[in-house]
Amino acid sequence: MHKVTILPEEVKKIAKLANLKLQPVEVNLFAEQFTQTVDIINQLNEVDTSAVAATYQITGLVNVTREDIVDTARVLPQTVALSGAKLTSNGFFVVPRIIDTEETESVI
Amino acid sequence: MKQLHELTISEVHVGYLNKDFTCVDLVKHLLNRIKKYNPKLNVFLALNENVLKQAEAIDKEIAEKGIDRELLGIPMAIKDNFLTVGISTTASSNILKGFMPQYESSVTSKLLTAGAIFIGKTNMDSFAHGSSTETSDFGPTHNPWNPEKLPGGSSGGSAAAISAQFVTVALGSETAGSIRQPAAWCGVTGFKPTYGRAGRYGCIAMASSTDSPGPIARTVADTALIANVISGQDPFDATTSPTPVGDYPSFLNKKDLKGIKIGLVKEYLMTSMSDEVKKLILEAADKFKELGATVEEISLMNPKYAIGVYTVVQRSEVSSNLARFDGIRFGHTRDSFGEETKRRIMLGTYTLSSGYYDAYYKKAQAVRTKMIDQFAEIFKSYDAVIGAVSPGPALSIGATKNQPMFGEMEDVLVEQSSVSGLTSVGVPCGFVDDLPIGLQITCDQFQEAKALMIADCYQRHTDFNLFPDLDKTL
Amino acid sequence: MKITPLIGLEVHVELETKSKMFCGCPADHFGKVPNTQTCPVCLGLPGALPVPNKKAIESCMKIGLALNCSVNRLSKFDRKQYFYPDLAKGYQISQYDQPFCSGGFLNLDSGKTIGIERVHQEEDTGKLQHTVLNGEKVTLVDFNRSGVPLVEIVSKPDMSSSSEAKEYLKKIHEIIRTIEVSNADMEKGQMRLEPTVNICIEDNSGSHFTPLVEIKNINSFNFAVQAIEYEVKRQVEEFEKTGIEKTPNNKTTRGYDSVKKITFLQRSKEEAKDYRYFPEPDIPPFIIENEVIEMLRRELPLLPDQKIADLVKLGVEERFAKLVYNRQEVMNVLDVIARKNDEAIPANDININRLVSLMANGKIDIKKDVIAQYDSLTKVGITDTTQLTQIVQNIIDDNPSIVAEYKKGKINVVGFFVGQAMKATKGSADPKTLSTIISDLLVK
C-alpha cells in the first residue's frame, strides 16, 4: 500500500514545469514509478530530524566572493559564443517567436 | 618484460627517459589496442584527432628538457562529462551529440598543463545518471572481464579503459559511487577526493552538492599522482576549498599500518550481500590487522536512508542543472533527453515543487546533516571506515531495465560517504564468480593522504590488482 | 464608501560594477555588439559555475543601509527556476528567504513612512528582440546583459496615491545616485519599476480588498503615475461590478500601454508561478559580521535627507536647502565658509541663509569670488542723501547734453548717471537711493 499515490494529472503538471513533452505512455509509466520512488523517499520520515538543521553546503565554506575585475581571458569572441547554436542571425541567437501572454513571461 | 599498455605513470616516464620508446610509440600502441578491442567494449565515444601531433610535440619536449612536468606524455582517457576543447563532449546524451566545447574544464586544463595527452572521451551513464553505464544514449560499455556484464557507472567507460588497458590513467567523477563502483566492477583502483578538493568548473553538473572529479588508474600510487595535479582551490568554483593540497605520493609506500584504527561498518555487511562478498571483506579486514591496524566493528545509520537522501538531493539538483539544455545556445532540443534523464528531471521537479519542498528536499537535507554528524563523530576515534563498494559483482547487461531505482540500490554502500562529501579509495579485494570485487577505504574530509596511504599499503600487500586478457575474455 | 489605494513598488537597480554578478565579463552592456560580452558562466554553458562579485554585494548592502534596513547576519543565494529564452541557465540566481537586507523605511516629505520589505541581490537576464526572419516570426536573443548585477528593492504596500508613489521613486532614484552604485538611468533600463496595486474599499458591509495587480512595462515615473491612477479607477469599477475580493491565488499581471494609457491583462491563466526555489548549491552562504556592516556604513556618503538637515542646522531655510544640497559646487563653497567660521577666523559676518538663497537663484556666480559678490549684493550702500546729492549734481553739471536728452524724453539715460555715480562712489552708493536722487535732480 502506497503512502502517496502520484496520478497522471500530477505528472502532466510536472512535465510542464520541467519543460518536457511526454507521451501518454510515459506519463502513466512515470506516475507508477514515482509512486514507488516516493515510498522510498518517505522512509526518511523514520529519521528524527527535529534537532538538526538542513545542510545545503557540505564544505563549511562561507563568504566566497571574487574581486570586481574584468576577466578578459574568459570572455568569448562572438563567433565562439554562437558556435554551439543551431540558429543565429547577425550575432543573435534565434528562437521561434515567444508569446508573452500564455505560459511564460520574463520576470524582470 | 612489461608491455606498453601495462605500464604505470612512473614506468612510462622511465621508459621515455631510457629511450625505450617514445610517446608516439606508446600512443600508437594504445590506439592499435583500442582499434582491436573497443568495438566489443564501447569504451570510447570519441578519439582525439590531434593525438599523434600532440605526441610528437611531447617527444620533442622530452628530448629537449627531459620529464619536466608531472604527467608529461601520459596517455589518459577522459570521462565525457568534462568539457575538452577540440574533442566532442556529450555526457553520453543525444542532446549534446556533436557538441564541441567552447572552453576547457578546470581539471582537464590542469592535466594538460601537467603534460598529459588525451586519447579520447569515455562512455558514461547519460548525464551520469546511473551506476551501470547502461543509460548511455550510445549503448552500454561492456565489462572487460566479461562482455556480457556491465562495467558499473557512471564512470564505466573510464574504469573499463583502465581494465582493458587502453590508457595509462583515466579521469572520472563521482556523485554517489560513480568512481568507486565502476572501479570495483572492473577490478581497478578509483579515488574519490573530498567534495571541494578538485574544481567542478567545466564538469557537466549532475548533483552540484556532491559531484567530485577523481582519477581511475592501475594503482593507488597513480591515482595519488593525478590527485596532486587536479586538487586545489579553483577561482572559477566557489565550492572549492583553500585547504592546502598535500603532496599525496609522499605519503605512500608505508610498510605497515601500525597505529591505524579502522572501522568495519556492520550495516554494510548486513545489506543484501552474497556470502562470498562478505567473506572477501572480512578477509580484507584480517589483512589490515595483519598489517598492524586495529579493526573494530562500528555502526552507522542504516544505509537505506542514504538512498532516500541521495535520491531527493540528486534529482532536485539535476532537474535544475539540466534546465539550461534548451537547444537555443547549444545542443539539441529537450526531446533528445534519454528516458532515465527525463525521469530524473521529472522527479526532481516534483520534489522541489511547491507543497513538497519541505517534505522532501528540506527533510532529505536534514537527514544528511545527521549522516555528516555521525561520520564526524566516528572519525574522532577512527582513521578510516571500510566496507564493500557494491553488494555484489558486476551485473549483466540489461539488468537496469525497468528498475527506476537501480543506481541508488546498487550504490547503497557508497551513498552515505558521497553525500557527506568524504574522501574514499576503492581498490580490488578479490573475485566472486570470476568477477572483481572492490573494497572502499573512506576517510574524513581532506584526509586524502591518509586514505591513499592505507589503500596503497593494502594494495602492495595483496595480489588482487589484475587485468583481464582481452583475447580470452572478449 | 471610502477608497484607500494600497500601492507597493518593486524597483530593480542595475549596478554599475566593472564586471558581472557571477563572472568576469564586462558589466557595461548598453549598446554593445550582441553576444560579445559573454562567457561560459553568463551564457549558461554546460559545466559553468557562478562566483559572486564582492563589490556588487557591498553595493546591495549599501543600498539597504541607505534605506534604513538591517543587513542580515546570515544570507544566501537561491535558484529561482523558470524557462524563458533570455534566462540562460533556466534559473535565475536570486535571494529567497535569506536576503542580504530587510526591514527598512523611507520617509516622504509629508513625514509619512514607507516601509521597505527587503533589498536583495540577483542577476539580470539577456535581452529579447522580436522580429521577422525569412517570413517567420522569431525572437532574437542577446546575452550581453545576462548576469549583470541587479538589486531589487521591495516596498511594503504603504503608498496610498500615485503622487506618493512618484515621490518614493524620485527619492529612491536620488539615493541610488548619491551612493554612486548606479547611474539609475531610466532610459537605459538601469532602474525599472513595477507597482503592485490593490485597494481597500470600506462601506456599510465592512472592509473589502480587491485582488492584487502587478503592473509591468513601465519605464518612467510619469507612466507609473498614469498606470497607478488608471488601475485604481479600474479596480473600483471592477469591484462594483463583480465584488471579487483578494485571495492568495488571484494576483494578476497587467501590462501598461503608454499610448492608450491603460493597463491590460497579460496572462490569461491565473496560476501562481511555481519557481521551485532552493538554496544555490554552487555558492556557499554568507555570514556578515558587524564590523563589515559598520565599515560599509562609514563608506556611505551623506544622503539627501542628511545633507538637507545639516544645511538647516547651519541656519538655511529648508526651501533653500532643498535647492542646493545636491549641487556639489555650492556645497563646496559652504564647506569652506563653514570651516572658516569654525576656526573663528573673522568671517565676513555672512548670513548663510541669504548666501544660499543668492547662490540658489543664480545671483551669485559660483565660479567667481563668491564672498565678494555676496558683499556687493548685500551691502547697503551710502544712503547719505546730502553726500549723494552733491555727487549727482556734479555729474549733471558735467553732462548738459545728456540732461537735455533726458528732458527730451529719453528716460533711460538715468542709467548713465547711476553708472557715473557708482564710479564716483567706487560702487558704494546705494542704488535705490541714487535712482531717486537722480530722478529728482533731473526733473529740476
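In case you wondered, yes, glycine gets a Cβ from its N, Cα and C as well.
Predicted automatically and left uncurated, TrEMBL annotations should be read as such.
Averaged over the domain 'Amidase' (B:25-450), the predicted model reaches a pLDDT of 95. Residues or ranges marked as domain 'Amidase' in TrEMBL: B:25-450.
Mapped onto three states, the DSSP output places B:K79 (active site, charge relay system) in strand. Among the features that TrEMBL reports, active site, charge relay system is placed at B:K79 (among others).
Mapped onto three states, the DSSP output places B:S154 (active site, charge relay system) in coil. Shown in sequence order, B:M124, B:D125, B:A128, B:H129, B:G130, B:S131, B:T133, B:S173, B:T175, B:S178, B:P182, B:M206 are the residues of the chain, 6+ apart in sequence, with a C-beta less than 8 angstroms from the C-beta of B:S154 (active site, charge relay system). The active site, charge relay system feature in TrEMBL is assigned to B:S154 (among others).
Per TrEMBL, active site, acyl-ester intermediate is recorded for B:S178. B:S178 (active site, acyl-ester intermediate) carries neither a helix nor a strand DSSP state and counts as coil.
Every protein chain shown contributes to the tally, and the Cβ of B:K79 (active site, charge relay system) ends up with 34 other Cβ atoms within 10 Å.
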